[in-house]
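Taking it in order: structure first as structure tokens, then the write-up.
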Amino acid sequence: MDVAWSPHDAWLASCSVDNTVVIWNAVKFPEILATLRGHSGLVKGLTWDPVGKYIASQADDRSLKVWRTLDWQLETSITKPFDECGGTTHVLRLSWSPDGHYLVSAHAMNNSGPTAQIIEREGWKTNMDFVGHRKAVTVVKFNPKIFKKKQKNGSSAKPSCPYCCCAVGSKDRSLSVWLTCLKRPLVVIHELFDKSIMDISWTLNGLGILVCSMDGSVAFLDFSQDELGDPLSEEEKSRIHQSTYGKSLAIMTEAQLSTAVIENPEMLKYQRRQQQQQLDQKSASARETSSAASVAGVVNGESLEDIRKNLLKKQVETRTADGRRRITPLCIAQLDTGDFSTAFFNSIPLSGSLAGTMLSSHSNPQLLPLDSSTPNSFGASKPSTEPVATTGARPAGDTVSKDSVNATSTPAALSPSVLTTPSKIEPMKAFDSRFTERSKATPGAPSLTSVTPTAVERLKEQNLVKELRPRDLLESSSDSDEKVPVAKPSSLSKRKLELEVETVEKKKKGRPRKDSRLMPVSLSVQSPAALTAEKDAVCLSVPAPALKLPMPGPQRAFTLQVSSDPSMYIEVENEVTAVGGVKLSRLKCNREGKEWETVLTSRILTAAGSCDVVCVACEKRMLSVFSACGRRLLPPILLPSPISTLHCTGSYVMALTAAATLSVWDVHRQVVVVKEESLHSILAGSDMTVSQILLTQHGIPVMNLSDGKAYCFNPSLSTWNLVSDKQDSLAQCADFRSSLPPQDAMLCSGPLAIVQGRASTSGRQAARLFSVPHVVQQETTLAYLENQVAAALTLQSSHEYRHWLLLYARYLVNEGSAEEGAAEGAAAGHRAESPLSAPLYRVSGAARHPEGQVACPGLPWLQQGQGHTLAADNAHGHLSPRQTTEGRGDTGRRWAVLCQRWPNSLGGLPPYPGPVAPSEGGSSARHSSLPPGPLCGAGVGALPCCPGVSEALPGLPFPARARGGH
Amino acid sequence: MAKVSVLNVAVLENPSPFHSPFRFEISFECNEALADDLEWKIIYVGSAESEEFDQILDSVLVGPVPAGRHMFIFQADAPNPSLIPETDAVGVTVVLITCTYHGQEFIRVGYYVNNEYPSPELRENPPLKPDFSQLQRNILASNPRVTRFHINWDNNMDRLEAIENQDPALGCGLPFSCAPIKGLGLPGCIPGLLPENSMDCI
């Protein structure tokens, strides 16, 4: 029903419909530290004491219980305010104030009016409550920040006491926000939603709230510092904690270390180790849980098995007025009980789909009985009656291929028959349409459909398996020809072929792909032993180097979706025509209905394509390249060793050979981009594998390795550059969220995003909660952002370069103003300066570049991508005099530079609101928006850190307007 | 969002003789109380060639449906052999379980069904006229095909409007979208189903 992270992030508490609260050790999932029993109703809310001493839970049993984290025993149970409450709410999310003084419950009653009870930490007194909501309070959430009143230029008499801010959401669809220093709510918003409020979350900076409702909508409210006050920094907050409770975050455990901020190299090492352990444990636990989950769930004290046994007896069946049967379903669980569904699934043998099956897409539906070859590939007894002379399927080779299939986790049972012998499928097609098309018998509103292709390739039912045995199949096909669709005529020669193909290893699958430009391909390094066996398939034997990448085996046929828009796919059929004993392979390409095809003399191992080129790698190390229209662009290229992976993006073709060398060519310009570069340097470790390969639009190859690192090859420097590291501690400590632009933050996509995966927020949480010294945090953030900028630059990804540069700039501006506020004077200024100077020059250097042209002469792609012009460089023309004449401090000047550079050279940015002199056009106008004097103060403040962040969501009453009492 | 999602369909008494009734144990989850009953149907496809030979084995109303998880057993008589084309009696066909709300179909679960003679003699020399009493029905329970349709779950007025609005769209080729489907299937095998998760492997 609710989960909550402990303040030191090492524990996770969850509460459930089974009346318990479980404390999980987040460092070693799924270890359970404690199970808190005592509630006699559904536990619907949880909150941790900000200093980590207690955890409080509220349940349907009309009680709120506070538990000690020291011994996990009950500290107190508060029932009085809840005596009149009914279990009418979905959730009861209570909250503890960030200073720890108050605990505020959800739904409580006072004189038959719904309230949110305030419980004091000292003696758990319940003297106060938040009154005003007309229906039960579902959610209470304290702002993570502690505030203090804005000092008004010496006018305020006494130093005001810090206070907290609390948002209360209710079933009456309204939201109120309270400050603990005020008697009345700061703001109340009525009828914010159509249905009850379900949850509230504050942004980290404490100035925004996200509120979600049962009606499916989420509202975001934005406050200004004038309204809430000045948030205290994390240091001040922990100082308050320390002064009040002694040692803050009292529980120092081993676990805590792992999430603590890294202050020295030893700690980093320790953290790495722990992460590794954690990973190991996770994979182990995944296995455990899957087996554990098969225990049948228990509902209402009765096991599911019992329910099922008696279901038919229990089932209430009535007749409606028009004589139809009406069944009253048996309720097996109430709503919101999402937990035991897995157990439920597993207890019922619905889908016997096995782990290692390949699931076909909708386009090639498979029916088991048709797929006569599959049982064999999974190791069912090989039919001895079959002539296997041509296959060369030595038992050894067979096992090897099986092993390697497992190793690459590629379920290899691609059935060749599906794609190549449509005649066999046709009768089933008629059925397949029935699964998706609405029949006359069941009319319904026409709408979108979606399909699960759950073709399973092995069957457990004994008799069907029998049916599948080729021997049976052959017999039945000769005897009862038409009667059994299962046994559609399959000639002996065909079977032979199929068997042959199937015994040879099949790994490559044609699967629809989403992104045509950046096609992720996964492969892994195999042991040399396995590969020597495989090599038999290849005519030329190469000296086996230490490093070997897996190679695709020849398949009888496969298709490959190159892109979906325009729809383009490649079909390959090997050994399709036999002219006088010569076997030819056919390559067919279909682009938006237009088709071309060609034949090749040797078997095609793998194919790749883009909108510009199609290339295929054949046996005998041949690589053929065709234009998108089917013209052969080059005579076959002879590769140095057999192909492992082939890739196309735009006019770039990338070939990764089995000997782990990488080549990239631009086939249109006929130049080599990367020439037989070895992967040895990055695949140093023995157990390292390549998990993903990308080729960017600019022909930059990127290798994602299994250890979480990603390298791109920089053709101009001929170096492998590290562009991403999952274990990068910088990424985990960097906190630039306050500088994220509001909307496009998550929309930034490109090679870097693909390689790095979606921004993980895990570490930032830790950094925040651990009240890192601000300096450290700032430096790590800056370093991280610089890394990102550089990586985007190397990948020549203009969008991402822009995104990160923007973020970087925003961060600089934000931090600059914060420092001014902190009034730490010269020291702060100095601190800011040192990390800044280098990167900034680097950035502007890239943009200015030698040739005197401003807009990145070395980087034509930047222009290309953004469509901005050289005019951007005028900014520099304006700048240089300014730099010389006006430079006050180093920092100030450079910020001005940066600010000006955004709109110009990066293009497409919203202009800054604020004082802009209207008369002077272009960049000079922007100059004037910066005050001539000391820049850091008002000037920086005038720049919005996040343009557009204050935009209210449509339909959301703006807080200011709705302000007022109840 | 669909208010009702089918969690599981278990095929009971499988395999069974041709003439024995179909029994499915259906469990579903409803995230909001439904004003009206759900209507479930079992359709037996007599022939792949034409929908003419479809038989609605049974249709049943299920209700009232409050929010929560529910299960029931849906039992329906075997298909009428006289309505099945003789050439299609033996072999593979399909049985569909559909559910409609307000007359709109929102889910269809299909299973392949194999009708065959259990005895080897009959299998090798099948009688010219199918002997239904000897036939055994085997539902391929491990391989359900689930199709979901978006429907309007709100009141009737809205629905009528929706249909009116959608009709023209149907005429000019409705855009079909494949959404990943939760529900049926072992949780463990679902990632393999979703194309976006799939990586091409060598």
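Any Cβ shown, glycine's included, is placed from N, Cα and C.
Per TrEMBL, the feature repeat 'WD' maps to A:1-25 (among others). Looking only at the repeat 'WD' (A:1-25), the predicted model's pLDDT averages out at 86.
For the repeat 'WD' (A:36-67), the list of distant contacts is 1-8, 13-17, 19-23, 73-79, 82-83, 85, 87, 89-100, 103, 105-107, 117, 119, 124, 241, 245, 248-251: same-chain residues at least six beyond its ends, Cβ to Cβ under 8 Å. The repeat 'WD' annotation in TrEMBL covers A:36-67 (among others).
The annotation region 'Disordered' is assigned in TrEMBL to A:272-294 (among others).
The compositional bias 'Low complexity' annotation in TrEMBL covers A:273-294.
Among the features that TrEMBL reports, compositional bias 'Polar residues' is placed at A:366-388 (among others).
Under the heading region 'Disordered', TrEMBL lists A:366-419 (among others).
Sequence annotations record features per position, and here TrEMBL assigns compositional bias 'Polar residues' to A:402-419 (among others).
Annotated region 'Disordered' per TrEMBL: A:435-491 (among others), in sequence order.
Among the features that TrEMBL reports, compositional bias 'Basic and acidic residues' is placed at A:457-485.
Residues or ranges marked as domain 'Protein HIRA-like C-terminal' by TrEMBL: A:630-817.
Under the heading region 'Disordered', TrEMBL lists A:909-929 (among others).
The helix, strand and coil residue counts that DSSP assigns across the repeat 'WD' (A:36-67) are 0 helix, 19 strand, 13 coil. Taking H, G and I as helix, E and B as strand and the rest as coil, DSSP gives the repeat 'WD' (A:1-25) the counts 0 helix, 15 strand, 10 coil.
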